[in-house]
Structure formats: C-alpha cells, structure tokens
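Trainee: Handing you a structure now.
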Amino acid sequence: MLLHDVAITSMDVAATSSRLTKVARIAALLHRAAPDTQLVTIIVSWLSGELPQRHIGVGWAALRSLPPPAPQPALTVTGVDATLSKIGTLSGKGSQAQRAALVAELFSAATEAEQTFLLRLLGGELRQGAKGGIMADAVAQAAGLPAATVQRAAMLGGDLAAAAAAGLSGAALDTFTLRVGRPIGPMLAQTATSVHDALERHGGTTIFEAKLDGARVQIHRANDQVRIYTRSLDDVTARLPEVVEATLALPVRDLVADGEAIALCPDNRPQRFQVTASRFGRSVDVAAARATQPLSVFFFDILHRDGTDLLEAPTTERLAALDALVPARHRVDRLITSDPTDAANFLDATLAAGHEGVMAKAPAARYLAGRRGAGWLKVKPVHTLDLVVLAVEWGSGRRRGKLSNIHLGARDPATGGFVMVGKTFKGMTDAMLDWQTTRFHEIAVGPTDGYVVQLRPEQVVEVALDGVQRSSRYPGGLALRFARVVRYRADKDPAEADTIDAVRALY
C-alpha cells in the first residue's frame, strides 16, 4: 500500500465533521490493509497521530527546510516505516547529519500531500479528529466486530494498533487480558468544580486522595522482575531505580499497581514538576540524577496481586488490598467522608502541603483502564492569565476553515513587546471559533492563507492553566501547562495584559 493512500484518507477524515464518515473512511482503508498485521499496525498508529517507534529524534528544527515534493506517489507504507525505524536507531557522533540526510531523502520522494501528512505526523500536529473512540469504531467496522470488544482488547492490551492487527487478521480478541509485564491504558479522571460537586456526583460519600504533581507510573512485578511504564506506556524502568527498589521490597510475587513518582524537598514538600520530569529523559545520567534529584514513589491503586485480577473490584476492595501490601510511607494521604467541611479542610491541607489538589474516587467504581470515567474526579484550583494573541493557526478536522490554535504572549515591560509562552486550541466553543476567525482576519499582518497567520498584538484573551514549566521552545524559557481559553477580553487593552514576570511567579 502506498503512503499516498494513507495521506488522502487522512485529508478526507480531516475534511469532514461527521463521525460516521470518519469511521467509514478509516474502516475502508483498514479493510484494504487486512490481513497484513504489520500494515494494519502502522496505519492505525499513524492515523492516531502516533509512530509505532514512539520516538525517533526528529523535531520541528529538522522539518523547517523541506525539498520540493515529488510529482508522483511512489513511497510505500512499510518502506516509510522502515526509514523512520532507521532514523530512530541513529545515535552518537555524526548521527544528527545522518538523520537530516534521511529525512531529506524521505521528503524528496514524497508528494505534496504526503509531505503535509508526514510533517504533521512527525511534528505531533496530526489533528484530524480520528483518535480514541473513532479509531476503535473504525477497527470494529473493518473487522466486523462489536466496538466494545475492540475497546476492551485495546484497553487490556494497552495498544489499539495491536488489537486492530489481531482483529483484522481473524485472531480472537478475548485473548487480550491483563498480563503482568504488559502495560494497560491508565484510568483517567473527569473534573469536578469543587469537593462539594464531587460528593454530590458520587452519591454523598467519596474517597478523597492527595493529587501529587508528579509523574504517573504503572508498576509491574513478576517475581523479581520489575517493569515501570509511563502513562503513555513507555518503558522507563532503567531510569527509576528508586521505584524498582520500593517495589521489590513489597511482600508480593506478582503485582500490577498504579502510582506516582515525584521528587521531594528535604521537608517532603514537592519539587517543581520539571524536576521530576527531568528524571524521565532518555539521555539522563541515572546515577548522577538520583544523587541530586532522588525520586519517591507513592502507590494509589492495585490492579493485580498474585494471580488475582482486581480491575472489576470496587475501589474500596482495591484500596484494602493496597493497604495490606504497601506501607503508609508509600501511599498517598486519603480521606473517606460525606462531610463537605471535612472534604474542604482536606483539600486545603493538601494544597498547603504543596500538592496540586485532590482526587475523588467513588467507593464502588471499577478500574476503567484507558478510559476517562466519572468514578474518578479531580479537584484543583485554577490559575488564569490575561495574555495577548500573537498569531493563530488554521484548524483541521471539525475546525477546518476556522482560525483555531492561538499563540499566546505575555507582556514584557522592559521592551514594550510580548514574549510567547505557549499555544492552545482548548476551550473554544463553535461560537468562539466563528468570532475569532472574523476578528483575526481584521488584525492579520500579511497573508492569511498560510498555515500560521501573524497578528497585530491587540487581542487579549483570558486563559486558564494548570501551572508553568521550563521550556526551551519559547524565548521566555517558560511554557504554560494545559492552557485553555476562558474568554476573550474586549474590555482589556494589551497594555493591561499580564507580564512575563507574572508568568514566572507561577513557576
């Protein structure tokens, strides 16, 4: 199969807002690829915006200057995948030049449509509305299977592409079960506006836990073998010896647990998230980092113990099993209550300890691997900033034809200009998209038919964010975490926008 077929399908999927049409287009492509398991795996990964190789060391810098496109499609899907694998294996002296040469060779053989697809895929910008449920439905349609069967296999296998390859080759998906050593998708939380809201949504009584601002880890132990996975299912065992040692100290043979790795100060207050995140880098000197930035691990759920799966067990039963196994120093603080005052006090104490909020877990909730359910709710304070829109990108998928992803700038009193601190396309309603498309045309600087439209720095926008982290991507050295639009501020002049110092104060 040619890369051209995948690129055209991606364009078609991005061009329609109809879920049924998206599913049908992807299913048709997968049906053509079946029963070739390698081909199916690659296509599902790519159209989900991911690479089977996960990381290949190619960033935007390597994609800035591209050769002219090829006149006719000739690249095959498997051939491109092989090239990407080769790029990902390069390391050491001269590898950057080799990587650049292979990228140039690949793009010179790609047509304009194929270049666009590869550019967005490698840059992490393939927003076409085909992730998650839509892709699972497409796999189910192509394989002639119930969507729930595909979703469960993907959930327990931790990989929709693997489930798709099995289903489209005629293999039974009921063989996908929780297996020690094979990561599964983590359960995710919805948001509650307050502890009172969480109590109401959980029927009056719930279990509150401290929400640590660390890194989610999934811990697998089979006898004396331990594997540690991130929330994106990357294996980081070698980078986290402290987590391995804490797991081996538990009186258990086989284990699958959910937890948080976090760097703490000497007084047990959390370090900035960036300190914890630095321990997960692929090139980190583990011994040196451990000496200067040691990690602690806190377990908060247990999914399997010594031959017994606990996914279907209620929260209370899983926590009882956790408490019987893990010492208190390795568990998060917890409160079971129906009293809003007690819940509010617990939240206040958690925030005072330096943590980011609380989780509320319904006592009867099952562990919904890979899904965002109401059984878990997160409650945390929200920071807001008034920033200036510096540029905007054209949308894709449902937002095709709309100016969508906005570039955000903080005011720099020293220069009188603005410093970019992030981007976001989150939180925008349809009405807001319509309004800003018109508004940004009015304040555009230069042409508006390119991917990025530059703007006069006149429009103030209020954004909510979860915090700030260090970043070399932006000139201010900082980036917003999980920024989303609250509203546009017609009542505010750019001179009233928050300064870069206000952003730094949140770090």
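Numbers here mean position along the shown chain, with the first residue as 1.
In case you wondered, yes, glycine gets a Cβ from its N, Cα and C as well.
These figures come from a predicted structure and were not determined experimentally.
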Trainee: According to Swiss-Prot, Glu209, Arg231, Glu260, Phe300, Arg372, Lys378 bind ATP; identify which of Arg216, Arg366 is listed for that same site.
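Mentor: Looking at Arg216, Arg366, the one Swiss-Prot places in the ATP site next to Glu209, Arg231, Glu260, Phe300, Arg372, Lys378 is Arg216.
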Trainee: Write down the Cα-Cα distance for Lys211 (active site, N6-AMP-lysine intermediate) and Glu260 (ATP binding site), rounded and given in Å.
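Mentor: Approximately 9 Å lies between the Cα of Glu260 (ATP binding site) and that of Lys211 (active site, N6-AMP-lysine intermediate).
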Trainee: Using a Cβ-Cβ cut-off under 8 angstroms and a sequence gap of six or more, which residues of the chain neighbour Lys211 (active site, N6-AMP-lysine intermediate)?
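Mentor: The list for Lys211 (active site, N6-AMP-lysine intermediate) reads Thr350, His355, Glu356, Gly357, Val358, Met359, Lys378, Val379, Lys380, given in order along the sequence.
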Trainee: So among the binding-site residues Arg216, Arg372, who's got the most Cβ atoms within 10 Å?
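Mentor: Max Cβ neighbours within 10 Å, all protein chains included: Arg216.
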Trainee: Which residue among the binding-site residues Glu209, Glu260 has the fewest other Cβ atoms within 10 Å of its Cβ, if you could check?
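Mentor: Lowest Cβ count within 10 Å among the binding-site residues (Glu209, Glu260) is Glu260.
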Trainee: Widest Cα span across the ATP binders Glu209, Arg216, Arg231, Glu260, Phe300, Arg372, Lys378, in Å?
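Mentor: Binding-site diameter by Cα atoms for ATP: 19 Å.
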